[in-house]
Amino acid sequence: MRPSLVLLAAVGVLFAAGTTLLLERTLTRVLLGVMLLGNGANLLVLAAAAPGSPPIVGTADPAGMTDPLPQAMILTAIVITLGMTAFLLALAYRSWRLSGHDEVQDDAEDRRVRELAERDEGSDAEDLDAAEGVRG
Amino acid sequence: MLILLAAHLAAALVAPVLVRFLGPRAFYPLATVPLATFGWAMLHRTGDWVHPWVPSLGVSLAFRVDTLSWLLVVLVGGVGALVLAYCARYFPPGTAGLGRFAAVFVGFAGAMLGLVTSDDLLLMYVFWELTTVLSYLLIGHTGTARPNRRAALQALIVTTAGGLAMLVGIVILGQHAGGYRWSQIAESLPGGAVLVVAVTLILLGALSKSAIFPFSFWLPAAMAAPTPVSAYLHAAAMVKAGVFLVAGFAPMIIAAGGTAATTWQALTVALGLVTMLYGGWAALFQNDLKLLLAYGTVSQLGLLTAVLGFGTTGTALAGVAMLFAHALFKAALFLVVGVIDKTTGTRDLRQLDGLGRRAPVLAVIAILAAASMAGLPPAIGFAGKEAVFASLLDAGTTGRLVLAVVVAGSMLTVAYSIRFVWGAFARRSTARSHGDGSADPAGSGSGGSLLLAPAVLAFAGVAAGFCAPLVERVLSPYAAGFGGETTHLALWHGPGLPLALSVIALAGGLVLFRRMPAGRSGPKPGGGVYERVMTAADRLAVEVTGATQRGSLPFYLAVILLVLIASAGSAMVAAWPVGTPFRWWDTPLHLVPVGVLIVAAVFAVPARRRLTAVILVGVTGYANAGVFLLHGAPDLALTQFLVETVTLVMIVLVLRRLPSHFSQRPGPWRRRVRVGIGAAVGTVMAGVGFLAVSARQAVPVSGAYPELVVPYGGGHNIVNVILVDIRAWDTMGEIAVLVAVATGVASLTFRRAQRLNRRGPVETPPEPPRDEPVWLMAGHTVEAGRRSTMLEVVTRLLFHVILVLSVYLLLTGHDTPGGGFTGGLVAGLALIVRYLAGGRYELAAAAPVDAGAVLGAGLLIAVGSGAAALLSGGEVLQSAVLDLHLPVLGHLHLVTSTVFDIGVYLIVVGLVLDVLRSLGAEIDRHARPDSSSPVGPSDPPAALVTSSSTDSSSLKGELV
């Protein structure tokens, strides 16, 4: 099958823009990045099928129909992206309500471990070192 | 055999209940289980029991009782029953965590029974680890004290590490032999270096479990456990597991000869002797009676390992006799310490004074047991030690060298035995008396019955001494495994070198005790290496975690994406098909939506205003729909249009409350890195797409669908038939995700559970004024400045039309573009229009149902339609076609998968409704100035409301 360059260019641009936004810290931007990635992925799947007439029996010759299977997958993906968007939105809103912004902060626990590593200290996990004295 | 193990398991399960009802007395019925083991052992001296377990792995529940395991079964059962009965008196009623303790203890007895009777080495390993874990729980019984937790963890780590090494050794032997039964392994041992490695690994497990040097440190620390635990685990049972393993392997390794046998002997004998001397020496300096016994145990375990590992017929018999003797006297002594501790409140021999006169019975028991420990006649310990001396005398130069060390160790044993008795019971003028006169230790009442268990054990030791020939007859089959002459167990061998050595040991011990320097501290427990290893592991973990787990989401994503670029990108470059034919476009019309899409996507990235970015991203979505349409996918185009619209409304609803601009952009350097990664990912994905499409040769599986969908799926729209029939499981999974998402959105937005339960406005709307025309049921609730009569009129006119359209799309979707998803989205848009025009009261009036109920009903219908097919004899989600002729409606073509689609429809409506209730109505409530929860910046800019109404009009343009 011969690929269509225009379609693949759209895929490339959507992935590039989506990835760039995904790497941001603002949740809204991450959300937009996810949406762009979703659109790009849908087009990528679409590229697997040669274009043709709509896959509805009786309206066209079956030989000229486009492959319906990628379409079914894309349809599922579109709706899942909607759900994902709704969830990320709710996350962004909750983050804003709790902290006044919708930025993804560094994980506090991980940062603490990093600081320990920089100070060349062990974790303060208890019970690791040998018993100092034994009292029953 | 299985019944006994099952009885232990059952007893462990009911133990907490028993303890709740009976208190400590529950230990009596529990003690009957190990007692049954003991009784069973009296009836079965040998035997095999095999039940299949994991035939594919060659693992079976194979049990085998021979002389050695029989001895251990007797000890596990007998001592276990006595200690459990002792527990009933030892623990005061109402002790915290007693139920768990009882359960773990009985479980441990069962695990130990399994360990010593397993014929399959893998099965034995399972029980081995089980004892490790259960002993961890028992040592850490009072987990509130930090030393206890540390001691328990230390024992766990040391014995588990050894156990893992042992597993490797077992696997080496088992793989070579082609089976894991003792008999199979003994028949075909590997040779040379392989056997040496396997033997060393197995010894690592055995020696760590039995606290042999250099692993001795964990055992004294484990004395943090309650005293009955120490008596059972650290005297009779668990630490004997290592010795048991040494004794079990010794015959076959010695018989194999060569380097392996030399390694075996060198390791067991040398380390055992070192342990014997170290433990005995350390015991001399202990003031805590329990610690004294603990170091004594370490010393004895060293002796047992050395003697059993030495591997002659004589030492084998002497070793098992000593093993038997040690279990009896050490358990008795620990229990005596328990009584002392309980009645006087201390175990410190500096504080005990003159206890012997006040508790003569206790003193007699202790003296009998200690005599056995020191190797004095007439106890079994004497017979055992004589046999050790005699057998080593017969064993050549090496034997004599070993003998010299053993005699030295015996002096230490005698010395610490005297120290124990003297410390616990003697009257010493210098010592301060503690609880003098006031306590009545072991005189009567509870003390009396506490004495039963140690008394039985101590007297059994003496009785066994008198019955030494009988003991020899019972145990000699084990020693016979080595072949050759055996020595004899007896209290009186007649005058000879062994007796002389006994006298020397006794005299030396007396002198040692007399001249022992007071006030010096003994050798350190030797946990320093353990501590350093643990600290190093901890530091390594911190460094590795700190280096890899930065805690920054963009960092993680960047790493993942860079891996994608590197792996997929390099594969792509390597496989690039030069000169592959391609098309610029499928149709030049594609240039229009793709051009719009590219421009919008590129400008969405640097946009600083939220709304701008959102609209640009929305534009790419609509452009996508155009591409779908041109590609021959009307279903996709329709769905994409609708989803994009719903998405835009959702986002704008939330954007009302978020700041209008994004926060500060990162520095130019970081921005360039992000754009660089993005561009690379885009290139790679487009390239992968090119490669995949041009490389495709297989005929699509969907080739036959056009002929099949009408007769089997009952519809003409292939995409819809795929969704609700051919790949209905996919759709089922998807709608489950939607339900989860809807619930997640609601629970993230609603803060209180009771509001979440009814996802609608709780307040009743204000009464409508009477003098104006009513277009919408709750139109009057919108503030005057924000009302739009035009919007209300249009909404009034359109709402029901849109709903009818949605039902039409749902029902005809099987044959023409449409279906449950599109229908549901259209209905959701109708609700959105109502909400935008009339606010949250209007939404409640439009859909006076709980969103959760809609979601649940949808899921129920979807699952129900699938299950119905199952009930009617078909496969899950199989569809059937019904053609009905109804009087008024005429011909009705019904496909059962339409029912499934109705479920999908309801779930999509429920999702939109939930999102509106959460991100719309609930956020409205948060934004009200009199809202009970004024969190965050609370001025909803009027412009945003305008923007949402603008959106709604554009949305109507979409629909009409």
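Heads up, the Cβ atoms here are built off N, Cα and C, so glycines get one too.
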Worksheet item: Between B:33-58, B:891-916, which stretch does TrEMBL give the note transmembrane segment?
Response: B:891-916
Discussion item. According to TrEMBL, transmembrane segment applies to one of these ranges: B:361-381, B:529-549. Which one is it?
Written reply: B:361-381
Practice prompt. Go through B:67-86, B:361-381, B:491-513, B:793-811, B:891-916 and flag the stretch with the largest number of C-beta pairs under 8 Å relative to the transmembrane segment (B:450-471).
Written response: B:361-381
Item to complete: Count the CB pairs under 8 A between the transmembrane segment (B:122-139) and each of B:193-219, B:231-254, B:491-513, B:793-811, B:817-837, then give me the winner.
Response: B:231-254
Discussion item. Using Cβ atoms and a strict cutoff of less than 8 Å, what residues sit near the transmembrane segment (B:193-219) while being 6 or more residues removed from its termini?
Written reply: 128, 132, 151, 154-155, 158-159, 161-170, 172-173, 176, 234, 238-243, 245-246, 249, 253, 256, 258-260, 263-264, 267-268, 271-272, 274-275, 278-279, 294, 297-298, 301-302, 304-305, 525-527, 529-530
Response to the item:
Most Cβ pairs under 8 Å to the transmembrane segment (B:891-916), of B:67-86, B:231-254, B:588-606, B:793-811, B:817-837, goes to B:817-837
Worksheet entry | Non-local residues, at least 6 beyond the ends, that sit with Cβ under 8 Å of the transmembrane segment (B:231-254) | 68-69, 72, 75-76, 79-80, 83, 86, 105, 108-109, 112, 115-116, 128, 131, 135, 138-139, 166, 182, 185-186, 189, 195, 199, 202-203, 205-212, 219, 222-223, 225, 260-261, 264-265, 268, 293-294, 297, 301, 304-305, 308-309, 311, 316, 319-320, 323, 326-327, 330-331, 333-335, 338, 478, 481-482
Response to the item:
Within the same chain, the residues 6 or more beyond the ends of the transmembrane segment (B:361-381) and with Cβ under 8 Å of it are 296, 300, 321-322, 324-326, 328-330, 332-333, 336, 339-340, 355, 410, 413-414, 417-418, 420-421, 424-425, 441-442, 451, 454-455, 457-459, 461-462, 464-466, 468, 471, 491-492, 502, 505-506, 509
Fill in: Residue numbers, six or more beyond the limits of the transmembrane segment (B:588-606), whose CB comes under 8 Å of its CB atoms
613, 616-617, 619-620, 623-624, 626-627, 630, 675, 678
